[in-house]
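These notes concern the structure reproduced below.
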Amino acid sequence: MRVSVPATSANMGPGFDTLGIALRMKNQVVIKPSKFHSVSLKGEGSNNPALKDNNMFISIFNDFYHNLSTKRRNFRFEFFNEVPMSRGLGSSSAVIVSAIASAYAIEGIELPKPKLLNLALAYENHPDNITPAVMGGFNVATVQDNEVKYIKKDMPKYLKAIVVIPNRPISTHMSRKTLPYKYSKDDAVFNLSHASLLTAAFMTENWEMLRIASQDKFHQKYRMKQMPELFEVQKTSLKAGSLMSTLSGSGSTFFSISHADDCRKIEKELKAKFPHFRVFVSDFDNYGVRVDK
Ligand SMILES: Nc1ncnc2c1ncn2[C@@H]1O[C@H](COP(=O)(O)OP(=O)(O)OP(=O)(O)O)[C@@H](O)[C@H]1O
Ligand SMILES: N[C@@H](CCO)C(=O)O
């Protein structure tokens with residue numbers, strides 16, 4: 001059985017804890033019944049031996065598997081990870097979503113995506129990464145009475161993401177601590193209006209509006225101060241023709257969107273200016289978590 005979950009970019013500027021989008025890069029796990037428990041890792045995390053012993057995926061999988069099954073089978077878990085950890089590309093959401101989906105699938109129990117999304121909420125209490133991880137596409141999401149309420153929009157193929165991954169991580173937990181405890185009414189109205197405009201721009205495919213609509217006063221500047229090169233990444237990307245360029249999740253990755261015709265030029269300029277960062281073009285994912293039995 002194989003489960004794959006896409007990387008996600010949350011916030012998208014002003015949509016703090018609300019907006020998120022799924023990218024084509026993904027984490028996959030292949031699970032096979034086996035005499036003994038074993039774990040193999042390829043890609044991101046493979047140089048971290050601790051992940052073989054103390055892995056968030058295994059512990060969430062076991063929580064669900066032990067609840068769903070009376071049998072005590074052992075499994076071999078083979079991980080193929082493309083999503084870097086603590087870089088703002090939803091690595092923790094990818095693990096949470098794939099572990100829950102895997103436990104249900106291995107027991108042959110149907111798990112509708114909205115139910116999977118609500119189960120994932122117990123492990124990540126903001127819905128902006130888990131929603132696109134489960135559903136794919138661009139999503140607006142909120143939590144009401146312990147349920148995620150969301151609206152999804154598929155992304156067109158003629159738009160691409162340009163991803164800049166710095167060589168240092170930022171932990172979400174630490175990064176949230178740098179944010180103000182309170183915001184002024186002016187800043188609240190600024191973010192409310194920009195997040196609303198950004199959402200409307202996605203829904204109506206008014207891409208030229210993204211540059212203005214993606215501005216934020218809630219979190220980016222506080223977080224980007226931890227890695228000041230990110231201000232230059234944003235400037236370079238917008239100057240080279242991106243439609244929008246925002247901190248991805250809690251950072252450190254920077255996420256831009258452009259028309260397909262412009263993406264290689266933007267990628268080239270970012271690569272030239274930031275040779276120590278990983279820069280690449282990605283398609284969007286419109287499907288979300290996928291289970292192949
Ligand atoms: N492939 C993986 N296998 C096991 N654990 C993982 C894996 N990927 C991420 N994790 C866990 O998730 C943690 C990273 O979560 P964190 O929220 O800091 O970053 P992120 O999810 O990549 O960023 P963001 O939420 O801003 O997009 C890691 O420290 C690790 O505990
Ligand atoms: N909305 C979250 C995304 C990271 O998990 C944040 O900005 O902290």
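Positions of Cβ are set from backbone N, Cα and C atoms, glycine also.
According to TrEMBL, the feature domain 'GHMP kinase N-terminal' maps to 66-137.
The Cβ neighbour count for Gly90 (ATP binding site), using a 10 Å radius over every protein chain in view, is 32. For Pro84, Met85, Ser86, Arg87, Gly88, Leu89, Gly90, Ser91, Ser92, Ser93, Ala94, the entry in TrEMBL reads ATP binding site.
In terms of DSSP helix, strand and coil, the domain 'GHMP kinase C-terminal' (203-275) has 39 helix, 10 strand, 24 coil. The domain 'GHMP kinase C-terminal' annotation in TrEMBL covers 203-275.
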Item to check | Listed binding-site residues (Pro84, Gly88), ranked by Cβ neighbours within 10 Å, top entry | outcome: Gly88
Checklist outcome for this item: Note: in the chain of Ser86 (ATP binding site), residues six or more apart in sequence with C-beta under 8 angstroms of its C-beta are Pro169, Ile170, Ser171, Thr172
Checklist outcome for this item: Close to ligand 1, in the sense of Cβ under 6 Å, among Pro84, Ser86, Gly88, Ser92 as binding-site residues, are Ser86, Gly88, Ser92
